Amino acid sequence: MAAFGHTFPFYTGLKPIFPMDTTLAVLIVIFLTALITFIIILPGIRGKMRLFWLLRVLTSLFIGAVILAVNFSSEWFVGQVSTNTSYKAFSSKWISADVGLQVGLGGVNITLTGIPVEQLNETINYNEEFTWRLGENYAEKYAKALEKGLPDPVLYLAEKFTPNSPCGLHGQYRLAGHYTSVMLWVAFFCWLLANVMLSMPVLVYGGHMLLATGIFQLLGLLFFSTATSLTPLCHLHLGTATLHTCHGSAFWITLTTGLLCVLLSLAMAVAHRIQPQRLKAFFNQSSGEDSALDWNPEEGRLLSPRYRSTAESPEPQDIPLSEASSEACCKKEHPREPDCTL
C-alpha cells in the first residue's frame, strides 16, 4: 500500500474541487482571450483613434461578458450566517459552521464550512447545487441528497425550495429565473446586433440596439424583483441563528450594466443630433466631406444619401483653344453655302 501513498489501490480518492464555477471560468477565458487579441492589434492603430478604439472594445466586451456571466451566476439572492447547528440526522452532536445560500436563475447553491473545517473527525466543507432548469427535476435532486446523507443544514435549506414546501419558494424563484434568463438572452442578441451596426455606417440603429440591450436587462430585473417580492417571508432558522437573504452581486451588476447601456445610447442620440461628424470620427468612419455623396443629419437617416447641390459643384472652366482649331470648329458648325451663280 505504500506505493500508492495513503490511498487504497482500487478506490478513488477525493475529487479535486475547482475554485469557481466552470461555466463562469470558460466565459472569463473567452472574453479575456478576445481582449488580449484586441490589445495586440492596438499598436497598429494611429493617433487618437487608438484611444477611441480601445474605449469601444473595453466597453463592448464588458457589457457582453456581464450579460452572459450573470445568466449563469448563482448570486442573485444571497445570504450567509455563522451558527451552531446539528450536523447529521439522528445525532445529538453539534458543529460550529458558516452556512451560505446563493439563489440563481437556474437553481440554488448551498455551502457548509466548519469553523474549523476539521470537526468530529471529519472535513466539513460542502458545496451542493440543486437546479430547476428546463428538463431538470428539483425533487429528484433533493431525493438523491437525502440518499447521500448530506448534513442537516444543507438538507434543511434545500427542502425549503422543493415544490411541496409550504414556503412556496420553488414556484416563485423558478418562474422569476426563467423569465429573467429569457430577457438576458434577448439582451445578449441585441448586444451582438449593436456591435455589427456600430461597425457600419448606421450608427443611429446601433444606438437603438444598445438601448434595447439596456431595456431588456432592466426588464429582467423587474421580472425577478416582482416575482420574488410576491413570495411570503419564510424564516430560515439554522440552530441558534436565522439566515437572512438580500440581493446579490449579480443583481446589482446587471442593474449597473443596464443603466450604462441606456446612458450610452442616449449620449449617442444627442451626439448624432448635435455633432454627427464627431460621432462618426469616434467610430472611425469617414465624415463624407470628400465623397460625392453627403449624409443628411437633419433628416435623422443615415441610409438615405443626399447629393450635393449645384452651388457646391465646381464651376465649368473655359479652356482656350488655338486659332486653327477654333476656325476648324467654326467651319464645322457654320459650313459655307455653295455659290450657285454662274
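Including glycine, each Cβ sits where the backbone N, Cα and C put it.
All TrEMBL annotations are machine predictions without curation.
Fair warning: this is a prediction, and the values are worked out from it, not measured in the lab.
According to TrEMBL, the protein has these features:
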type	residues	note
TRANSMEM	24-45	transmembrane segment
TRANSMEM	52-72	transmembrane segment
TRANSMEM	182-206	transmembrane segment
TRANSMEM	218-238	transmembrane segment
TRANSMEM	250-271	transmembrane segment
REGION	304-342	region 'Disordered'
COMPBIAS	329-342	compositional bias 'Basic and acidic residues'
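Proximity of the transmembrane segment (250-271) to the transmembrane segment (52-72) is established through 3 or more Cβ-Cβ distances under 8 Å for residue pairs spaced 6 or more apart.
Beyond the ends of the transmembrane segment (218-238), by six or more residues, the same chain brings 76-77, 79, 81, 83, 85, 99, 101, 105, 153, 156-157, 160, 167-169, 172-173, 175-177, 179-184, 187, 244-245, 251, 254-255, 258-259, 262 to within a C-beta distance below 8 angstroms of the stretch.
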